[in-house]
Amino acid sequence: MTISTLGNQQDDSLVSNAFGFLRFPLNFQPYSSDAEWVITGVPFDMATSGRAGSRHGPAAIRQVSTNLAWESRRWPWDFKLHNCLKVVDCGDVVFNFGDAQDMSDKLQAHAEKVLASGKRMLSFGGDHFITLPLLRAHAKHFGKMALVHFDAHADTYPNGSQFDHGTMFYHAPNEGLIDPHHSVQIGIRTEHGRDNGFTVLDADQVNDRSVDDLLAQIKETVGDMPVYLTFDIDCLDPAFAPGTGTPVIGGLTTDRALKLLRGLQPLNIVGMDVVEVAPAYDQSEITALAGATIALEMLYLQASKKR
């Protein structure tokens, strides 16, 4: 038996085809697979207000993930992800390019089908608007959820078009998808409303307070509700993630973001996404690498609960 250095996966092939995130198997019928988590790319950026290009984010995250796949286990975890969690990558959602409504409908339908088959989802954007149809699907399955939201922007603005990557978390509470009083926004450092019920841990707090103190507040706020976890890559300082459409200085380091993510392990996380990676503005793939690493940490969180 030949063992590839990429993810300790058996590989006797003489030819190579496109591969999934972290070289997980591609499965275009994930609903009938034995997977526990399904990775879905959403190459959509029509709701962007700044620089476009995040539609190429899913491909960039997958491509750079081969730099992570050679490790049999990700530091500092003490187990192999592949041994604890069944994951497939089902590729990208297919929709009519240029039709935001069609994307929203197709993504929600796909998510509802995945969840109905007993699986859970990790999605790659694409701009942050994709989280809204995902929340609609998850709320149908899990009921009203708490939101744990890493971002430079609160995305609670009431203005904007029907499809806008700055209004999802205005619409989501109004549609009854999430409970803002049990939701936390982390790393915010732009103008935002203060009377909408969300707990906002702005960038100054996140950078100045201890990780343990922050995690205690997050856990107390969320309680035992089902949690949707969304990570906009512009939560990170542009020094660590320049490749995004709306960068804002003064953000989180990758070290602090990873420590906060690892501390979310006790939460009942039912869905996750990583959004707003725009490789056209990246340098040496560091933004894509940050996105891929954050996605991998999210999967390790889920795998750790099975040990």
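Cβ atoms are placed via backbone N, Cα and C, with glycine included.
Keep in mind that this is a model prediction, so the values were computed, not measured.
Swiss-Prot lists Asp151, His153, Asp155, Asp232, Asp234 as binding Mn(2+), and of His110, His128, His181, His182 the one it places in that same site is His128.
In the shown protein chains, 26 other C-beta atoms lie within 10 A of the C-beta of Asp151 (Mn(2+) binding site). Annotation note: Asp234 (Mn(2+) binding site) sits in a helical segment as assigned by DSSP. Annotation for Asp232 (Mn(2+) binding site): same-chain Cβ neighbours under 8 Å, separated by at least 6 residues, are His128, His149, Phe150, Asp151, Ala152, His153, Asp155, Val275, Glu276. Neighbour density for His153 (Mn(2+) binding site): within 10 A of its CB lie 25 other CB atoms from the protein chains shown.
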